[in-house]
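Novice: A single structure is presented below for examination.
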Amino acid sequence: MSDEEEVTQPETPKAKEGGDGDPEFVKRQEAKSSALDEQLKEYIIEWRKQRVKEEEDLKRLKEKQAKRKVMRAEEEKRMAERKKQEEERRQREAEEKKQREVEEKRRRLEEAEKKRQVMMAALKDQNKSKGPNFTITKKDTGEALSSAQLERNKTKEQIEEEKRISLSFRIKPLNIEGFSIQKLQSRARELWDSIVKLETEKYDLEERQKRQDYDLKELKERQKQQLRHKALKKGLDPEALTGKYPPKIQVASKYERRVDTRSYDDKKKLFEGGYEEANKDINEKNWAQKIGQFEKRPKCKLPKWFGERPGKKKDDPETPEEEEVKKADEDLDIDIDLDVDLDEPHFGLDEEAEDEEEGEEEEEDEEEEEEEEEEEEEEEEEEEEEEEE
């Protein structure tokens, strides 16, 4: 290994470790930091400008809000003053109207008194002259018609003319020719005030109408409640007095001096279908009686026994008597041929008795059949009556 290699080998890591001490690298870092500082300064300056601008806008808005508040207070004050003046004017007009009505009434009374005096004087003159006390005058057709009839008899041209005259009184001309800007502004302000006044009056009238409608509904409901209580006190239906027509009058009985307490429907039913109701009651009564008789009958009639007895086995004898004979034969060890046909025991009865028994059985069977046929006929008749009803 040479000396140069020994010298160069330790220098290599130093160069790596001391890379930060490179002047170019340091310059680049300083340039980056200076550029970043400049950018931050610009951002800060811009932010401060924006903040100053926002503060100025906020201050201007607050001043504008304060001005609006003052203007609103002044406007409300003017409106209150105007409303007060309008109220005073309305009261004054109402008083003047009342005074005019009193004067008009007094004038009419004076005129009526004058006419009465003139008429009394004329009557005195007529009594003195002893002439006819009446005069025939031609009646004017227009006086006989009422105001509503006259209004209906108006032509379309007359209605249009009246409408035009009415609008000419209500809608006044502007007459703004030759007005300066100040006069035009004042005229516009007057028009605006008149619009506000009309809208205010409209709103007041609408609210008043709503309140009056509510009061009317409440009064109608109270009236209904009072009429219901009144109807209950009189013994009528609660809704009898609340309808469109008054309730029907309670008539008095012809043969009794008391008010008939039956309702109108009950009295109406007496004359409509009274016989039908009575006939229906009679039919129901008969039906109940027949049903009772049918249910009280014997449930079942057992016929005479013919044939196998109940509980008989395959090899058992036909009758209990034969069974007893069989048992006796078995006891006596007597062999009995089962193939031999055994006659039924007669128990000492002769042929005439047997014939009488058979005749009685046949008669009973015929009676039972007749009873069944009668019951069936009765049921068919009842069904036909029900269908007819």
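The backbone N, Cα and C atoms fix where each Cβ goes, glycine too.
Note that this is a predicted model, so its numbers are computed, not measured.
TrEMBL lists 1-34, 54-159, 221-247, 301-389 with the feature region 'Disordered'. According to TrEMBL, the compositional bias 'Basic and acidic residues' annotation covers 13-31, 54-64, 71-116, 306-317. The compositional bias 'Acidic residues' annotation in TrEMBL covers 330-342, 350-389.
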Novice: Sort out the residues at least 6 away from either end of the region 'Disordered' (221-247), same chain, that have Cβ-Cβ distances under 8 Å to it, and list them.
Specialist: 261
Novice: Give the residue counts of the compositional bias 'Basic and acidic residues' (71-116) per reduced DSSP state, in the order helix, strand, coil.
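Specialist: Its residues fall into 46 helix, 0 strand, 0 coil.
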